[in-house]
Amino acid sequence: MIKKLSKLVKDFTLSELRTGMKITAKELVNKKITVQFPEERTPISPRFRGLHALRRYPNGEERCIACKLCEAVCPANAITIESEMRDDGTRRTIVYDIDLFKCIFCGFCEEACPVDAIVETQIFDYAFKSRQGSIMTKERLLEVGSQNEQAINQARLEDAKYK
């Protein structure tokens, strides 16, 4: 009986509504934390895992040796690699595709790579006009790597102290 009476008093005095209004009034005078995204950007961690890139050596040769460790370790089976032997006896990729719709951006491919060929950049704002655009081909991956080599190196330097 006392519980019912107590609930009736709370409902009648609108105590929950007053509590909510008090919180709202308090937050009205606090500093806003909203970021106006396209114009303003929040800092990104050096460990952020975004769009993939394939790297090259300083002499221009691609780093990937087609060991297929990244393909084997990928939990989402998002990576497809086909390779061939060169005349000098080394193996190189002819097809290196990553399906970004399948990829869960776990970073296992980057960790498994023995030559640091595949990396995840800090690029997070990208879009596709068609489903086919979600497949990153070897050429597109190398292009992303070439365009962002300095940013990739900087992020890896910042992250090195935590490894």
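Every residue gets a Cβ built from N, Cα and C, even glycine.
Here the structure is a predicted model, which means the values were calculated and not measured.
Positions annotated as [4Fe-4S] cluster 1 binding site by Swiss-Prot: Cys64, Cys67, Cys70, Cys113. Over all protein chains present, the Cβ of Cys64 ([4Fe-4S] cluster 1 binding site) has 25 other Cβ atoms lying within 10 Å. Taken residue by residue with DSSP, Cys64 ([4Fe-4S] cluster 1 binding site) is part of neither helix nor strand, so it is coil.
The [4Fe-4S] cluster 2 binding site annotation in Swiss-Prot covers Cys74, Cys103, Cys106, Cys109. In the three-state DSSP classification, Cys109 ([4Fe-4S] cluster 2 binding site) falls within a helix. Under 8 Å, Cβ to Cβ, and six or more positions away along its own chain, Cys109 ([4Fe-4S] cluster 2 binding site) finds His52, Cys70, Val73, Cys74, Ile79, Ile118.
Residues belonging to the domain '4Fe-4S ferredoxin-type 1' (54-84) score a mean pLDDT of 95 in the model. Residues or ranges marked as domain '4Fe-4S ferredoxin-type 1' in Swiss-Prot (evidence: sequence analysis): 54-84.
Swiss-Prot lists 94-123 with the feature domain '4Fe-4S ferredoxin-type 2', giving sequence analysis as the kind of evidence.
Here the binding-site residues are Cys70, Cys74, and the one whose Cβ sees the fewest other Cβ atoms within 10 Å is Cys74. Those residues of the chain, other than Cys74, Cys103, Cys106, Cys109, with a C-beta within 8 angstroms of the mean position of the [4Fe-4S] cluster 2 site C-beta atoms are Cys70, Val73, Pro75, Ala76, Ala78, Ile79, Ile98, Ile104, Phe105, Gly107, Phe108. Counting in whole angstrom, Cys113 ([4Fe-4S] cluster 1 binding site) lies 16 from Cys103 ([4Fe-4S] cluster 2 binding site) by their C-alpha atoms.
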